[in-house]
Each structure stands twice: as structure tokens, then as C-alpha cells.
Amino acid sequence: MAEEQVLNTHNASILLSAANKSHYPQDDLPEIALAGRSNVGKSSFINTILGRKNLARTSSKPGKTQLLNFFNIDDKLRFVDVPGYGYAKVSKSERAKWGKMIEEYLTTRDNLRAVVSLVDLRHAPSKEDIQMYDFLKYYDIPVIVVATKADKIPRGKWNKHESVVKKALNFDKSDTFIVFSSVERIGIDDSWDAILEQV
């Protein structure tokens, strides 16, 4: 079923930003969290699959997202953009604070249905990417791995890069893996299929 028949994906807005659970929305709408390294393309992913240009702000300055940003989609679903990890210029104490905030959300939020874990298709996953995937598997949280920036690689090499990413993550075949490009609009339907399957 096409996503337009399920919900109007263009009817989306940023709802609120939260530093801890006391600020989370108090209802039972399903939520999909988005996690990934700084500058992996989370904001571009959100904007692309929602068909909006600047709903999630893209930044040339990594580490800009410092709160959990909740996006309301047609009053039926929420995306939760979590702070990008792996940015060296953020202080150790700040990184620890973000880590605690992300962990609290991922392990205690009943609304959470799945996590879209974004990785860069061009490179082997970072230590933080692997830690995030392992964390989600440990807590039995459904994972959708989205490999971004596919347009930067010739199509003939996608399978090779996908294999490298999956091997490094020790990828569970029961999870979903999607090759994605915001520039070429590749992987949008597959992403929605995977998301809606979880909600």
C-alpha cells in the first residue's frame, strides 16, 4: 500500500524539542527514531521522505542537533531525530550527556516502534555505528539500516559497499537494509514500506 493512502506524509511539522522524558509528548502515537553519525544525512533523509525542503534543518556544522526533535506526521506518526554521534569537537561531558539522553529515550519510551539507523554507504561503519546497532539489538529494538549517499558511488559498486557495511555490523538478516540517496531520491518507497510495517 502506498504511504499516501495510509497517511499524508506532506502534513508534517516539528512538534517540540526535548532534553529528557518530562518533555516528551504525552500520548500514544507511534514513534520512529532516527540515529546516525553527525553529517550522515539524517536531516536530508527526513526532508526527502516527507517531501519537504527545510522541515529538518540540514547543517554544514556537525553536532548541531543537541536535543531530541519530535516531528508530527499527519497526527498519526512521529519521527524523533536524535543527536548525531561521533563528532569530535563536542566536549566529552557534552557527549556523555547526549549519550544518556539518547539511551533514556531508546530504553524507556513505550511509543518507540523502531529505529532508522543511518550509515554512510561509502565507508565501513564507524565504531559508534557498530555500538549503536549492537545496542539496539541488545534491547531488542527493531532496526531499519539506511545506507545514505548512494549517489556518491557508482551503482555497480553498491552491492560491494553493502556487503562491507553488513559484515562490519554483523547484520541480522531479519532486519531491513535500504540503499538511499536524497539527491537521486532512491530508497524512499522502501523506507516507507519498512517504517509502516513497524507502526
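Each residue's number is its place along the chain shown, starting with 1.
Just so it is clear, glycine is given a Cβ too, placed from its N, Cα and C backbone atoms.
Keep in mind the model is a prediction, meaning the values are calculated, not measured.
Per-residue confidence over the domain 'EngB-type G' (28-199) averages out at a pLDDT of 90. Annotation source Swiss-Prot lists domain 'EngB-type G' at 28-199.
Sequence annotations record features per position, and here Swiss-Prot assigns GTP binding site to 36-43, 63-67, 81-84, 148-151, 180-182 based on sequence analysis. Secondary structure at K149 (GTP binding site), as computed by DSSP, is coil.
Reduced to three states, the DSSP call for S43 (Mg(2+) binding site) is helix. What Swiss-Prot lists as Mg(2+) binding site is S43, T65, and the listing cites sequence analysis.
The separation of S43 (Mg(2+) binding site) from F180 (GTP binding site), Cα to Cα, is 13 Å.
Counting only same-chain residues six or more apart in sequence, the Cβ atoms lying under 8 angstroms from the Cβ of L67 (GTP binding site) belong to S17, A18, A19, P83, M101.
The two recorded residues S43 (Mg(2+) binding site) and G36 (GTP binding site) have their Cα atoms spaced 11 Å from each other. In the three-state DSSP scheme, P83 (GTP binding site) falls into the coil class.
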